[in-house]
Amino acid sequence: MADEAAALLGDSVEEAYDRARHNKLTPEKARELRHARWCVYASQFLHKVAWGAYSVVSPFYLALFMSTAAAANVATAEWAAYSIGQVLCTPILGAATDQAGRRPVFVVCQMLITVVFLVLFWPNLYWWAITGFIQGCFSCTWAVSITILVDCVSNGAPPGGEDDILIMRLFRRIATPASETLDGEVRQELAVAVTALWFVAGAGEVVGYGVGYGLWAILPSWLAIVSCGFFQLVGALIVYAYLPETAPSSKPFAYAEALDSAMVAVKAQTQAVAMVLRDTRSTYLTASYVLQYFALTGVTDLCVFWGQAKYDWSAQAAAVYLAVFTISPGVGALIGSRLLYPSSLRYAKSIALMLFSAAVGCVLEGLASPTVASAIGLSILATAGGGVYPAILALLTPDIAPGKQGHLQGALYAIATLGSVAALGIYLALFNTTETFLNGASIWLLSAVFFVFAALFSYAAGERITVERGQAKHPVIPGSPPRRRTKYQDV
């Protein structure tokens, strides 16, 4: 596996970034990359508005036709089918962006996701499972969005740069100190890029919760759930109208060549394991990344049903809870990064501490939240530690060539999603078993276990990396200035 993984590295993102820092972009190229970033921001924001609204509306829509437990089963079946579709297709579509380009894959997937959003008005278990699977097959937009931002970083035009929109420049100013102790400049840029997109998506989801409450309060039930797709439609139209091609070796795409590109992408999956698990540190970081997805996916999917069982809360209470639940990991990421990464705790220990605090919060949320207000407050502690996974994703990215980033990001997302599907079955079984005597609190206890193991893997990954004094840590690029060394040499 080591030889195969070494063949995948080639001219890495790190090397491309080092060269780009010393070569000024042409005005045309700078404009294209600027438009690409803006399209990614807009499409992810609107996509998450749609999902946020859907997260509020769908449980109450299903509850009109069936019991809470049955509604939870339908929602979980739909999410599981969606996740299976993602697992099967995201690595292939990600690899296809390396072959056919980012734009055609992104445009087609955005349009098909929109169509599925508009046909969810039939509250039937099999219908929701089928539509969830179809939507999952084409929901590679997060992985492709990350890939496009990696393209921008590789070309020396990272999010929050001088020509970016004001709010992203402000975010970069806030977030950059939080990333100063990562492995080097390109990892700092990637950490800021991934975290910035995560904040954009999270902001969209929070807005979506409010929108969902408004849709449910104002519109007929069937129209409320269909209207969630309107925001996805707007995002798809923006991508179609303005997204340029950013792939390193792009050429005009002919749809007649789509089958050939798809076959190449399918064959490329034989390299996915070697690419993702290319060394011991990458294996441990991937394990931590996946376990964080386990922990967050289960409680995200079932926390509204837990709240209904325990507090019998309304759509308004659910919307407030989901908003806080979504915001707190981002707040935790910034606060924890600013306070812990530059400290003597060092990177591995600080990440482990954040994840362990999330485990403690999950235990308290499940067993010690007698009121809705206390549940909202404890959810901050329970989910803040999840804010570290964008930084872990940034650590897994720089060693792979820009021309293979679609494949890498698709594979990472698919691996995390595959684990989430398996974990979700356990979460649902625990919820159904403990609903009558624990109000489903066992879902929080299981997330606590996952967060503990994620903390252990993150700690092990950091401590495994050591650099002898005087030894070069990064590839030396001809003509580039010497790198600034940092005292944090175990990260």
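Any Cβ shown, glycine's included, is placed from N, Cα and C.
A quick note: this is a predicted structure, and the numbers were derived from the prediction, not measured.
Listed in TrEMBL for this protein:
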type: TRANSMEM; residues: 51-73; note: transmembrane segment
type: TRANSMEM; residues: 79-97; note: transmembrane segment
type: TRANSMEM; residues: 104-122; note: transmembrane segment
type: TRANSMEM; residues: 190-216; note: transmembrane segment
type: TRANSMEM; residues: 222-243; note: transmembrane segment
type: TRANSMEM; residues: 284-307; note: transmembrane segment
type: TRANSMEM; residues: 313-335; note: transmembrane segment
type: TRANSMEM; residues: 347-368; note: transmembrane segment
type: TRANSMEM; residues: 374-398; note: transmembrane segment
type: TRANSMEM; residues: 410-430; note: transmembrane segment
type: TRANSMEM; residues: 442-461; note: transmembrane segment
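Sequence-distant contacts of the transmembrane segment (222-243) (same chain, six or more residues past either end, CB-CB distance under 8 Å): 35-36, 38-39, 42-47, 49-51, 53-54, 57-58, 61, 102-103, 106-107, 110-111, 113-114, 116-118, 120-121, 208, 211-212, 215-216.
For the transmembrane segment (442-461), same-chain residues at least 6 beyond its ends with a Cβ under 8 Å from one of its own Cβ atoms are 280-281, 284-285, 287-288, 291-292, 294-296, 298-299, 302-303, 306, 348-349, 351-356, 358-360, 362-363, 365-367, 382, 385, 388, 392, 423, 426-427, 430-431, 433-434. Proximity of the transmembrane segment (284-307) to the transmembrane segment (51-73) is established through 3 or more Cβ-Cβ distances under 8 Å for residue pairs spaced 6 or more apart. Beyond the transmembrane segment (313-335), the same-chain residues lying 6 or more positions past its ends with a Cβ under 8 Å from any Cβ of the stretch are 52, 55-56, 59-60, 174-175, 178, 195, 198-199, 202, 205-206, 209-210, 212-213, 216-217, 296, 300, 303-304, 307, 354, 372, 375-376, 379-380, 383-388, 390-391.
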